[in-house]
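Participant: Okay, here's the structure, questions in a sec.
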Amino acid sequence: MDGYRRAGAISPRAARTERNRAPGDALRHDDCMLLTRLAQVSREVAATAARSRKIALLAELFRDAEADDVPIVIPYLAGRLPQGRLGVGWKVLGRPVPPAAEPSLTVREVDARLTGLGKVSGPGSQAERTRIVGELMGAATEEEQRFLLGLLTGEVRQGALDAVAVEGLARATGADPADVRRAVMLAGSLQTVARALLGEGPGSLDRFRLTVGRPVLPMLAHSASSVAEAVEKLGACAVEEKLDGIRVQVHRDGDTVRIHTRTLDDITGRLPEVTSAALELRGKRFILDGEVISFDAAGRPRSFQETAGRVGSRTDVARAAEETPVSPVFFDALSVDGRDLLDLPFAERHAELARLVPEPMRVRRTVASGPRDVPEAERFLADTLARGHEGVVVKALDAPYSAGRRGAAWLKVKPVHTLDLVVLAAEWGHGRRTGRLSNLHLGARTPDGGFAMLGKTFKGMTDAMLAWQTERLKELAVEDDGWVVRVRPELVVEIAYDGLQRSTRYPAGVTLRFARVVRYREDKRPEEADTVEALLAAHPEVSP
Ligand SMILES: Nc1ncnc2c1ncn2[C@@H]1O[C@H](COP(=O)(O)OP(=O)(O)OP(=O)(O)O)[C@@H](O)[C@H]1O
């Protein structure tokens, strides 16, 4: 409670009590938030372009929310299902059900029903799913039905919503938005922080500290078109080789080592050689950031597919480690000897890293102090490419570590430009590809949270990829007319292309030239895919 008093703010609960005194408050129901309220706010938030208005709307919603509503309310607002996949297709959703006249559904009830829906399996499951969805839709008003349909088809993704929700939460509870952001970054989950804040107030934020053994979301990079541009933007910077492997965060506490992926999965058991390497380092307690990658006997990087295949294999780890050993290559230190380094400038974090980690286990780098060092930085890029790596990451030496963010302080420069797009549909193949889902319909994000199709491709897929994508896309299917299978827009795929050309056939007015699949990016959510806006900005030659 102290936090509230310090901040001079009114607690959400106290605000609610006052509100509850008002007669005729139809929007509360046993203290649990009604879906109608959420659907209304969601519509209003989407309808306004003003960030301040969005924040005000969300703050008001959060003031009325119970801590237990929040893990449902936040993903619903962003268009995400907390259950992940539910396996309801268009056949089930497309059936119209007469709406209820009055709202009665609570968000928790909806969540419980959807959890039930996700558990249906075995014979007769289609009929059972239809029954559950019919019952849910029948209990929903027209507006609620629209909201639920958007949620279940996954067609609306408000990627920017989480950032607005942070501000709304801060406003609702009197916390400092910067403190909320830092807590979210360290907790790795907005919902966890929201729940603590709404239940216990701003004082609870102290709980979310950087802790060895508890992974945090990694810092990410933006793109620059050249080393010169990156150096000009950042000033004094390090130019580091960009290794095409798998991002890892390595935590060591005494004899215990834990290794986490970029999505915070624990993969310690799959990488015994990385554990041994971490145990040989000088420090006893640390968190390091880096990449694991497999090198061949000549010291050249193996393909991304080989490294990813190795990191992905869970069975017979000893044999996999022998066949495709991987090496950790570190580039940052987040915590050393119990000291949190996140807010220190990169130059200082790197000095700590260098103290702990010997050179062969760190990425190669050169330092540029300004424009006059560009030629040297360009030589470093050329040399890095010649050694088989994909490019460089240019990093401001004075920047803190912004966990979980695509900070402006890291700029990647890669000669082969790729896009992360979302698979919207796939066509059944023919000939050799009969029975396989082959030609992919690719979409980029639009400002309204939807996706605009940019083109199709069936190129670049290996047989293994074809088999995998067929299974995966079948799980996501919402409609199949025997030719095109429309899917929930969830799968992110990395696409190489040779440029853009104008086209009246596609909604953004442009299409990709020679699009081909590079790899699937299961570590990315559709909200992280590239936007039409950024694509057009990168190709002024086709902009209308
Ligand atoms: N020296 C390095 N510093 C930072 N990241 C590096 C470095 N070398 C390789 N990487 C990898 O590059 C990624 C940074 O690029 P970005 O943040 O854009 O992620 P991404 O979208 O996965 O990029 P890409 O698709 O180009 O790999 C990191 O997540 C990490 O896996």
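Numbering starts at 1 and runs along the chain as displayed.
Glycine too: its Cβ is placed from the backbone N, Cα and C atoms.
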Participant: Which stretch, out of 1-23, 93-115, 438-460, 507-529, is listed as region 'Disordered' by TrEMBL?
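Facilitator: From TrEMBL, the annotated region 'Disordered' range turns out to be 1-23.
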Participant: What residue among the recorded positions Lys242, Arg247, Arg262, Arg406, Lys412 has the most other CB atoms lying within 10 A of its CB?
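Facilitator: Top count of Cβ atoms within 10 Å goes to Lys242.
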Participant: How far apart, in angstrom, are the most distant Cα atoms among the ATP-binding residues Glu240, Arg247, Arg262, Glu291, Phe331, Arg406, Lys412?
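Facilitator: Site span for ATP, by Cα atoms: 19 Å.
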Participant: How big is the Cα-to-Cα gap, in Å, between Phe331 (ATP binding site) and Lys242 (active site, N6-AMP-lysine intermediate)?
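Facilitator: Each residue's Cα considered, Phe331 (ATP binding site) and Lys242 (active site, N6-AMP-lysine intermediate) end up 10 Å apart.
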Participant: Averaged over the domain 'ATP-dependent DNA ligase family profile' (319-446), what pLDDT does the predicted model reach?
Facilitator: 95
Participant: List every residue in the same chain as Glu291 (ATP binding site), at least 6 positions away in sequence, whose Cβ is under 8 Å from its Cβ.
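Facilitator: Listed in sequence order: Leu243, Gly245, Ile246, Arg247, Val248, Pro328, Val329, Phe331, Val363.
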